[in-house]
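Before any comments, here is the structure.
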Amino acid sequence: MNTLVLKIDAILSKHLKKQLAPYTISSQNIYVAFAAKKNGVTVLLYKSGKLVLQGNGANALAQELNLPVAKTVFEASNNSQDIPIIGSDEVGNGSYFGGIAVVASFVDPKDHPFLKKLGVDDSKKLSDKTIQQIAPLLEKQIPHQSLLLSPKKYNELVGKSKPYNTISIKVALHNQAIFLLLQKGIQPKQIVIDAFTSQSNYEKHLKKEKNHFPNPLTFQEKAESHYLAVAVSSIIARNLFLDNLDQLGQDLGYQLPSGAGSASDKVASQLLAAYGMSSLEYSAKLHFANTHKAQALLTK
């Protein structure tokens with residue numbers, strides 16, 4: 001997938017809207033003046049005059065629309081690393097115990113030698129020991145913003161008749177992490193989010209959030225394998241999640257497993273027997289099926 005970003009004037013904007021009128025789509029982004037989708041390419045015209053084309057046929061559509069491609073601010077494939085990028089990722093969403101850690105990191109091309117020397121890669125490919133060694137070095141060197149939503153707070157916010165669901169809470173966290181990083185004066189050429197939902201669904205939930213920024217977003221599945229900025233965020237977030245999991249375990253006197261398998265069921269049942277439901281409200285995501293499985297284990 002390619003992303004083209006251009007700056008166009010009012011006359012060209014008016015002409016573009018006329019050309020793409022039959023392909024208009026809705027956008028929840030308050031900074032988008034016009035949105036369309038043609039030939040699998042999403043076209044976003046921002047109120048600032050910035051035009052973004054996202055999709056494998058971006059170049060072809062730009063030529064079809066007679067857009068000034070030569071004036072492209074940047075043209076980047078999913079694995080482009082030659083521009084300053086903010087990348088965000090989250091860890092903990094699939095684990096019963098522990099909170100959710102979301103990190104947004106800013107990586108400039110000048111950081112690449114340092115990152116490659118450390119062996120930065122997707123956190124899922126690295127051992128926890130390696131992550132715990134690398135993460136502090138990254139935190140010191142790379143501008144980033146970390147957020148941790150504790151299990152207790154998660155249970156207050158996520159679920160039936162509550163403000164968020166499992167998708168919208170991640171939208172809120174990613175948006176806030178990126179917003180706070182941009183507030184520090186960071187100026188990326190691209191912002192990449194490890195895709196966990198569609199762009200349209202992301203923008204739908206984003207409309208409910210208080211803080212917004214005008215920068216266009218790139219959504220990429222398995223982005224941590226394509227962008228160093230996302231890989232950095234993946235590592236820092238994983239370390240933050242592990243630290244939180246360890247601290248929660250120390251508080252309760254139990255070693256809490258990562259993930260949502262049978263080991264989590266067993267420990268959860270032990271916590272229920274020792275402390276009652278309040279211990280799971282403090283340490284786990286209650287809406288997971290593990291809660292009912294743990295309760296069932298107590299009756300055996």
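Glycine residues also receive a Cβ, built from the backbone N, Cα and C atoms like all the rest.
Feature list (source: Swiss-Prot):
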| type | residues | note |
| --- | --- | --- |
| DOMAIN | 83-300 | domain 'RNase H type-2' |
| BINDING | ASP89, GLU90, ASP194 | divalent metal cation binding site |
Residues that sit under 8 angstroms from ASP194 (divalent metal cation binding site) by C-beta distance, when 6+ apart in the chain: GLY87, SER88, ASP89, GLU90, GLN220, GLU221, LYS222, ALA223, GLU224, VAL230, SER234
Additional residues around divalent metal cation, ordered along the sequence, whose Cβ is within 8 Å of the centroid of ASP89, GLU90, ASP194: SER88, VAL91, VAL102, VAL103, HIS174, ILE193, PHE196, ALA223, GLU224, VAL230, SER233, SER234, ALA237
Among ASP89, GLU90, which are binding-site residues, the residue with the most C-beta atoms within 10 angstroms of its C-beta: ASP89
Mean of the pLDDT scores, which run from 0 to 100, over the domain 'RNase H type-2' (83-300): 93
